[in-house]
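K.L.:
Structure provided below as structure tokens; questions to follow.
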Amino acid sequence: MARPLPGAPAAQALLAEAARRAGRLAAPPGLALVRVGDDPASVAYVRGKARKAAEVGLRSAVHALPEAAPQAELLALLGTLNADPAVHGILVQLPLPPHLDPEPVLGAILPEKDVDGLHPVNIGRLWAGQPGLRPCTPAGVMALLAFYGLPVAGQRAVIVGRSALVGRPLAALLLNANATVTVAHSRTPDLGAVTREAELLIVAAGRAHLITPDMVRPGATVIDVGINRVADAPGQGRLTGDVHPDVAAVAGALTPVPGGVGPMTVAQLLMNTVLAAEAPAGQEGRGGRFR
Ligand SMILES: Nc1nc(=O)c2c([nH]1)NC[C@@H]1CN(c3ccc(C(=O)N[C@@H](CCC(=O)O)C(=O)O)cc3)C=[N+]21
């Protein structure tokens, strides 16, 4: 049976480090959480982030705009938050309602306050191997691997999924950490032939139980980033990953869903906020304060 890789102890360690470093600053790091509309999952995630922020000594504020808010209203809010010296980090919860275009919205956040690491400047820094704020879920995956002492350098890593939020930035982080990286996706022919090559298999495809035991190299480390809500009881949504539970019989190590990567995402967001608060304004590219 695969070694389980629960997120809770790794997230606890990251949160403790964030709390310790937040406590050494002259003022508490400030995090602005921006949400548009009432998607129940987004409401729940933002509430969870605010609760954890308070636990580690961060000041957070939730800015909830109505579903029909025009783009100009959202951009005006971001302008106010950019100019507020007590706000060190800004997160716009995705997905936005369909009438809003995420690209100009993410681009309107100051790169040094972009704790989601999704501003084009931070994407460019990541791919260039330069310091910058890194996207929370991929950085959380790297922190989870480090916590459990799992090797990355020299490993043959396969990522399934090429999203802007997870697959793409994770490819850059693994490459920067000296893994040999393949990015597969929904249009990869014979996906199993590719995933079977992986010593480190990271799945962020958004399809429940896409990865079955026959697609996994025996002994591989498997990280399941998928969060799928399946309705197998009336009126109830249970969470399950992109990796079939039977993979535990083949893999060497496996993250659970829920309780795996999810808690790491939140912990990394708060660590990013501390990093943003630590960096003197204007030094974000040179100081090496951001990893
Ligand atoms: N701008 C932006 N940045 C994000 O980082 C971002 C986002 N938008 N939109 C949505 C996704 C999703 N996301 C998760 C955060 C925590 C859990 C988490 O804590 N999950 C728990 C279970 C939560 C539950 O029970 O629903 C777990 O896996 O154990 C999951 C998913 C951040 N995202």
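Heads up, the Cβ atoms here are built off N, Cα and C, so glycines get one too.
Where the annotation comes from TrEMBL, it is an automatic prediction and has not been curated.
Per TrEMBL, NADP(+) binding site is recorded for Gly161, Arg162, Ser163, Ile227. The domain 'Tetrahydrofolate dehydrogenase/cyclohydrolase catalytic' feature in TrEMBL is assigned to 7-116. Among the features that TrEMBL reports, domain 'Tetrahydrofolate dehydrogenase/cyclohydrolase NAD(P)-binding' is placed at 135-278.
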K.L.:
In the domain 'Tetrahydrofolate dehydrogenase/cyclohydrolase NAD(P)-binding' (135-278), how many residues does DSSP put in helix, strand and coil?
P.N.:
53 helix, 33 strand, 58 coil
K.L.:
Listed NADP(+)-binding residues Gly161, Arg162, Ser163, Ile227 - what's their greatest C-alpha to C-alpha distance in Å?
P.N.:
16
K.L.:
Counting Cβ atoms within 10 Å of each candidate's own Cβ, which of the binding-site residues Gly161, Arg162, Ile227 comes out highest?
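P.N.:
Result of the Cβ crowding comparison: Gly161.
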